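Colleague: Supplied in structure tokens, the structure appears directly below.
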Amino acid sequence: MSSGLSLERACAVALGIVASASLVAAGPCDIYSSGGTPCVAAHSTTRALYSAYTGALYQVKRGSDGSTTDIAPLSAGGVADAAIQDSFCANTTCLITIIYDQSGRGNHLTQAPPGGFNGPESNGYDNLASAVGAPVTLNGKKAYGVFMSPGTGYRNNAASGTATGDKAEGMYAVLDGTHYNSACCFDYGNAEVSNTDTGNGHMEAIYYGDNTVWGSGAGSGPWIMADLENGLFSGLSSTNNAGDPSISYRFVTAVVKGEANQWSIRGANAASGSLSTYYSGARPSASGYNPMSKEGAIILGIGGDNSNGAQGTFYEGVMTSGYPSDATENSVQADIVAAKYAIASLTSGPALTVGSSISLQVTTAGYTTRYLAHDGSTVNTQVVSSSSTTALRQQASWTVRTGLANSACLSFESVDTPGSYIRHYNFALLLNANDGTKQFYEDATFCPQAGLNGQGNSIRSWSYPTRYFRHYENVLYVASNGGVQTFDATTSFNDDVSWVVSTGFA
């Protein structure tokens with residue numbers, strides 16, 4: 001028996017002891033450490049990734065006064081204390097400003113700066129994520145993931161201990177398998193330190209989505225692939241790997257790892273079952289990927305050059321030193337399954353009944369005779385009463401429908417123009433005919449919550465959860481509480497985004 005085989009068996013036995021002793025006691029990074037490939041970065045807004053970790057998981061900043069607070073686990077190794085966030089963010093909006101590194105290396109993720117591409121915020125920075133866009137439960141306890149709309153990104157260009165050059169590393173992420181698009185590039189992992197494209201092989205990151213510009217897998221996607229810079233790779237070929245399946249899990253575990261002329265993609269349902277290997281073998285046959293030229297920055301939600309058109313949801317993920325064994329990763333997957341990720345409610349406040357006709361009354365002082373209505377494709381507010389014309393009363397009435405993109409939220413169909421729905425486009429609200437596309441469904445899905453000013457409901461965009469129905473100069477937008485658009489002004493924001501829902505005029 002070779003010494004290498006003995007060591008492998010010893011590690012497998014040790015991992016088995018860790019896993020069988022208590023999945024609750026051993027977090028993912030404890031398991032990686034036992035396997036000889038310790039975490040050098042560990043990020044999660046939902047739970048601690050070490051059994052002994054009690055520090056901050058993430059920081060939120062509220063819109064009302066700009067103050068911040070850290071969210072820690074309920075107990076060592078436990079689930080995030082979502083109640084602290086809910087209390088701190090009550091009656092206002094909150095953004096996730098920092099995702100802390102639990103490894104002790106200080107590899108925290110913060111708002112991504114501009115690079116080859118500018119972000120949509122001031123000075124070319126990317127957007128920060130809403131703190132409430134991705135509620136879940138872990139073992140029945142509420143927590144929040146990181147729901148990332150196009151334009152949202154986090155980064156650390158001065159990371160410590162991450163792989164550079166052709167050095168070995170591993171990584172995993174737990175993602176929402178139903179939240180993706182085809183834009184570049186929803187990534188988590190190793191990237192350039194300059195925010196620019198410095199050539200083939202300068203990245204090694206998990207990618208999730210259905211982009212087909214470079215590589216692809218079986219079916220129509222989405223797929224787990226690796227962003228190695230100037231290519232999303234599903235295997236040896238720079239085009240297609242039929243062994244990389246389309247994913248349909250609500251919660252997905254995505255794994256990428258790489259060492260000298262060897263790399264792998266693995267994946268699983270994060271709520272049940274075990275990991276499958278979608279590719280394991282030599283580096284891509286295209287030039288520049290053997291050896292690799294990794295730079296060691298860390299990105300989330302964007303490409304290495306700050307390409308920021310993608311969308312996705314991140315719950316937890318780590319990066320390791322060294323190439324983890326399949327056995328180690330299998331034990332990590334068992335721990336993720338034991339965390340029992342499950343969906344949580346996306347709505348709150350007064351309930352809206354699917355199939356009912358409603359009208360939405362402005363609550364801003366001086367404008368309370370106005371209701372949400374439309375004039376052709378323009379969604380606006382108009383003065384409406386029971387004595388208004390039939391046409392106007394119909395224009396100010398909306399049929400509540402199950403959310404076109406997410407059945408946990410709602411869509412609003414025009415009473416006087418059946419088949420047409422309120423949707424956002426360039427952050428203006430429009431009335432457009434349902435064209436049956438994924439983009440339209442996402443643009444037309446909204447999640448009501450308790451009104452920010454204490455009255456009625458505020459209606460949050462599902463696809464841009466920092467943004468709410470807001471009347472501004474009597475026209476409707478999806479607006480954020482502060483931002484670069486004129487309609488993002490903070491003045492009277494809570495009132496302008498709060499609506500009293502009543503039985504429809506028609």
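Along the chain as shown, the residues are counted starting at 1.
In case you wondered, yes, glycine gets a Cβ from its N, Cα and C as well.
As listed in Swiss-Prot for this protein:
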- 1-26: signal peptide (SIGNAL)
- 27-343: region 'Catalytic' (REGION)
- Asn91: N-linked glycosylation site (CARBOHYD)
- Cys184, Cys185: site 'Cis-peptide bond' (SITE)
- Asp227, Asn230, Gly304, His424, Asn426, Phe427, Asp443, His471, Glu473, Leu476, Asp496: substrate binding site (BINDING)
- Asp305: active site, proton donor (ACT_SITE)
- 344-506: region 'ABD' (REGION)
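Give me the lay of the land around each of these features.
Modeller: According to its DSSP assignment, Asn91 (N-linked glycosylation site) is coil.
Around Cys184 (site 'Cis-peptide bond'), the C-beta neighbours below 8 angstroms that are at least 6 residues distant in the chain are Asn211, Val213, Gly303, Ser307, Gly309, Ala310.
For the recorded site, Glu473 (substrate binding site), the DSSP three-state label reads coil.
Contacts of Asp305 (active site, proton donor) defined by a Cβ separation under 8 A and a same-chain sequence distance of 6+ are given as Gly115, Gly116, Phe117, Glu192, Asn195, Thr196, Asp197, in order along the sequence. In three-state terms derived from DSSP, Asp305 (active site, proton donor) belongs to neither a helical nor a strand segment and is classed as coil.
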Colleague: Provide, as an integer number of angstrom, the distance between the C-alpha atoms of Gly304 (substrate binding site) and Cys185 (site 'Cis-peptide bond').
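Modeller: Roughly 9 Å, rounded to the nearest whole number.
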Colleague: At the level of the C-alpha atoms, what whole-angstrom distance separates Asp227 (substrate binding site) and Cys185 (site 'Cis-peptide bond')?
Modeller: 8
Colleague: Please compute the mean pLDDT of the model over the region 'Catalytic' (27-343).
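Modeller: Averaging the confidence scores along the region 'Catalytic' (27-343) gives 99.
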Colleague: Counting all other Cβ atoms within 10 Å across every protein chain shown, which of the binding-site residues Gly304, Asp496 scores highest?
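Modeller: Result for the most crowded candidate: Gly304.
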